[in-house]
Structures are given as structure tokens and as C-alpha cells.
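Q: Pulled the feature table from TrEMBL, pasting it below:
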DOMAIN    4-91  domain 'PDZ'
DOMAIN    99-186  domain 'PDZ'
DOMAIN    248-329  domain 'PDZ'
DOMAIN    363-438  domain 'SH3'
DOMAIN    474-649  domain 'Guanylate kinase-like'
Amino acid sequence: EYEDIVLERGTAGLGFSIAGGRDNPLEPQDGSIYITKIIPGGAAAYDGRLKADDAIMAVNNIDTSNVCHADAVNALKLAGSTVVLRIRRIADESLEEIDVQLVKGTKGLGFSIAGGVGNQHLPGDDGIFVTKIIEGGAAEADGLLQVGDKILSVDAVRVLNMSHETAVSILKSTANVVNLRILRQNNINSPEVFPLNRIQPADLPTKEEDVAPIILPPPSDEVQPDPFQQPPPTNAFENEIKGLEPRVVSLNKTGCGLGFNIVGGDGSEGIYISYILAGGTADVSGELYRGDQLLSVNGIDLTKATHEEAAHALKSADKTVTMVAQYKPEDYNRFEEKIQELREQMMNLSVSSGGSLLTSPENGLSNVRSLFDYDSYKDSGLPSNRSVTIHNTGLSFRYGDILHVINASDDEWWQARRVGDSEEFGVVPAKQRVERKERARLKQNRYLNCKVQQQKYETILSYETVVQKELKYTRPVVILGPFKDRINDDLIAEYPDKFGSCVPHTTRERRENEENGRDYHFVESREKMEADIQNHFFIEAGQYNENLYGTSVQSVKDVAEKNKHCILDVSGNAIKRLQVAGLWPIAIFIRPKSIEWLMELNKRLVEEQARKIFDRAVKQEQEFGEYFTSVVQGETIGDLHENVKRVIKEQSGPVVWVPASDDI
């Protein structure tokens, strides 16, 4: 089918990436120009009609159906402020757009949502999905809205390619009568949606792509940005934050503090929450959000407080901290944009000394784990005449290496020593330098690929502050990336005395010859397992053939108590959940060298399959890279196997490096 889409370029640009062309076809004998990604914040994302895999047939009546890639880029760049795109896409008759009108009444809209940019409900889809219809609400009374529906617009405001928080804010700000446009897939049996990503017990499909992820809705009177990590407050959907009104939040401090970071405090813009620590007190409570402004702490007014005054009020508070918070995502985003501009201006200045995150070994932040590979021999920017106190020899390192930072007074270069057998020391790029260069590289890549606007909050991995911890258990193992299934099976088969798998839970009826506790833990009722999932007793769970399956924290501990590494076939999200449960996994990522490498190691793969596997691996590393213990590569499967075994041996403990807790 064909569609004409008109976009207004504006200051944010068109906001999409393209690939293909006569000189670089994505498919044999197909020289079309294809949309590969919709960039949040751009015109395409705001309009909402353009999709990945759409083919651009014409730009302002200029034929682009069979042109070179550079010609298509030029056509888009020269198209002016109003751009008319002729799009070709494969018609999907199973999809239906439906208009739904809801009247809130006294019980609100009455449904839960999940998804959004950075919090995908379905792989590769940044859309907002309905995950539960709440009893007594407007959605149930109307009867048209269903679980699994994708929300396209709210009162004519498109919510495609929006963050979860923005979508929630739009829904909460609606009037009594709300008009929704939703997209529904009619030819599939949509399962109920449960909290975590899919699992793979013995009788489920074994490949990751075979079972779609399923996410648990919040309890019927709740809504939350992340159903697993952030338990929601106890109010109903429409009253959870009561629009943007101030609300009272009480938290009990733990040994790790309150579990959030703050920014702001020059007396004009206020104090905002900029980060929620996964597994921390604020995260577990679910009552605070990134973008909340803190108005007061235990009666102390913070509306005009400096950053230091706000930090002191939080740190000096008693065990119970009562705060007044107000959700202001737009104000916070404007503040972050201003700070980002100032950071980039300062980063471009040549400074001989200055503040740093690691000002001295005594501050507890002198040990860091590298989250990238660095080859000093390839770095032409190493300092030669800078005022360093030891020497200017570059120190190369790999992802996961622990570095003891000796001197961090310079914002461009640190002096560090590698912790381990070699104890090498030298100069390494500072956190600020790494992130600035990577940000510039990403910006250049977007420009070359017609990505006009830079994403503002893209995670850039550099260093992670770590501390040593003595473990009293055998660490579980999570392997991600291509060939993980084969490596998992080989470890258990080759070393059954060192590796094992845990017994999953299920609500399915026990079959003949199955034994409870050996084949499965057969749960007495669905309600019991749903409650346990809500209480975070499971690291991953899902539904298959109308039965629940899950991997519980206790099952992992049972394997660890046998002095065995529990091999877990789970998603990257489970790494964080294991950490929250106090089980620090050895998380290993297998990084593919290339598409050709994948095809060489698996002769049955065609190029399209290999490309999808490669792209999936790239996405996994981008999304979960900060949680990996190590990244391994190898020429052969045997190399991968040996490298994985080496990492497990090195990381088995009992003393290991784990991420340090934040002060607040």
C-alpha cells in the first residue's frame, strides 16, 4: 500500500534514519530507500505515521524509488521546511485502527499502560500499550478497549515514540471525556500480559525470538512507569500523582540511603530528581519519578534552596524522610537542556585542573570498572606536555577491568593503576573526555544517516564506581548474545558438579511421571503465583498456553546452596533484578565480531538472519552494557567457550567488585 505523509521539518528536523539505495541495496535486486529508525523528538516521531521498514518512493515529487543512497540524502536535505513523502509499505490486514471514547466519571479511565521510548513493552516497538483493564473504571464500562491495544493518540495528541512518563502525563491531564485512537491486531490470540519478560522452561520454545515478552500489569488500582522495578503508589490510575499536584512521599532510609540523585539549586530552577537507583529505597517504593521537583524535606522548604542545602537536608534527615514532590517533566527537561549546553561549552574549554567525580582516594570513589575497551596505542590524543605527576604512558584496558584512580584532578586525563596481577599504571581518558568524544561520534553518525536531531539523554558508558564485597554464595551466571544457548548447555554437560539449572515454577497441571520440585514447582493457584510475582519473588516470569511460568529467587538460591553456579537463560532485565535480590550474577556478553563471523560459525544462517542476530546483539549491549561483568569475543565457538570459562573462574569470588551505592 502507498501513503503520502507531509512533515514539517521545524527546528527538530525530520527525525529518521535511512538505509539502502541502488548502490547499497538492503535486499538483492531491491534498490529502495528504507526507513531504519524513527528518532524521538523529530517531526516523524511527532507525526506518528512513518514507520521503520517504510520505503521512500518520492520526496516532494522527486522520484527516489531507485536512486543511489547519496541522492536520497540530498533530496531529503534540500526538501525545504515542508516535506511530502510518498511511502510504500506492506499492507497488514490484521491491524485495525479503532476510535474509543471514554467518560472518566468518578473512577477514572481505569486501565494500566506499559511501554514508551527507553522502556519497550515489545521488542523494537516504542509504543504505549494497554496492559490491564481495571474493574469499575471507564474502560471496563465502555467495553471496547482491550489488553494489548496500542494507543496511537489521546485527544488527537499522538503518543507514538514518546517516553512512558510523557504518555502518563498526557493521560492524566485529559478532561472528563477522553478520545483515544488505538491499533489492534485481530488475527492473534493476545495473551494476558504479565510482569516480566518471557522465560524458557523445558517445554517452551528455546529460541529467544520464539516467545514474545510479557509484562505484568500493576495491581488493579495502580499505574507505574516500570511494572517490575518500581512498585506503584496505592492510588488509582487517575489519582496516582493527581495530575501535576504536589504530593507527600515518605521513605525509610536504608544503609544505602534513599536511592536517588538530585540536580538543580541555583535559587531559580528548583531541586529535581534526575536518577532513580535500581533496587534502592525510592525505586522499591515507586512513589518518586525522574522529573519530580522536591518542594520540601521534613518541613524544610527547598523551593529556593541551593544544591548543597538540599543535599544536606536529605542526608541529615532521620530514618523516616517525608518529602513534598511535584511531577514537572517539562520544567525538568528544559533544565536538563540548559545544563547539557553548559556542559558541552565547558568540555570544549582547555582546563589544566578542575573538579572531578574522583577527587581523592579517601572519598571512596577511587576504584572504577571500565565499561569500554581502550587501546592507548591507537589514541593520538594522549598528552605529551601536560602537568602530570607520574608519567604520560597510556594504560590500555578491556571492558570490565578494575582501575584504581590515583589522580583525577584533570578533566581530560586520569592517572590510574590496573587492579590485578599486572598492576600496570599510566594515563587513561577521564570520564568527561570519554563521554564527550562518544557524544560527538554519535552526533556525526546521526548527521551522516540523516538523523537531524541529537537525542538528549542517550546513555554513554564510560566508568562505573565499584567497591569490593565478600559473597557467601556461589554466583549465578547469565550469558547474553549469540551462541549463548550452546555455551549454557556445554557448561552444564561438561561440568555438572560446578554448574546447574534451577527448577522453574508453573501454574500448569502436573503431568504423569512429573515430580513436584524435580521437574517443576507446581503452584497451587494462579492467584498465589501472581501475588508472588507482584512481591518480586521472581526474577523473570511469563505466560505460555494460558499457564504461568517463572524463575524464582529462591530457586536460584537453592542451586547456589549446592555450591553450583546457576545457569540462567533469562533476559538482560533479570540482571538488575538479581542484583536487587542480593544475588550478584556473573553477567557475560558475547559480542559478535561481524555479520560474516556469525555466518561462518553457523553455516545455516543466511545474511538476513545473521544481520538480525547482529542488530539484536548491538541493541542488547546498548541497553544492558552497564550491567555486564565482562564482554567476550573469539574466532571460534571453542574460543568463546574458553573465554566464558575464564571469566567465570576469575569472577567466582568470594571477594568481588560490585557497583557502589549512591550517597543519596
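Glycine is treated like the rest: Cβ placed from N, Cα and C.
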Q: In this predicted model, what is the average pLDDT of the domain 'Guanylate kinase-like' (474-649)?
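A: Taking every residue in the domain 'Guanylate kinase-like' (474-649) and averaging pLDDT yields 90.
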Q: Please count the residues of the domain 'PDZ' (248-329) that DSSP assigns to helix (H, G, I), strand (E, B) and coil.
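A: Residue counts for the domain 'PDZ' (248-329) by secondary structure: 15 helix, 36 strand, 31 coil.
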Q: Please list the DSSP helix, strand and coil residue counts for the domain 'PDZ' (4-91).
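A: Here the numbers are 14 helix, 32 strand, 42 coil.
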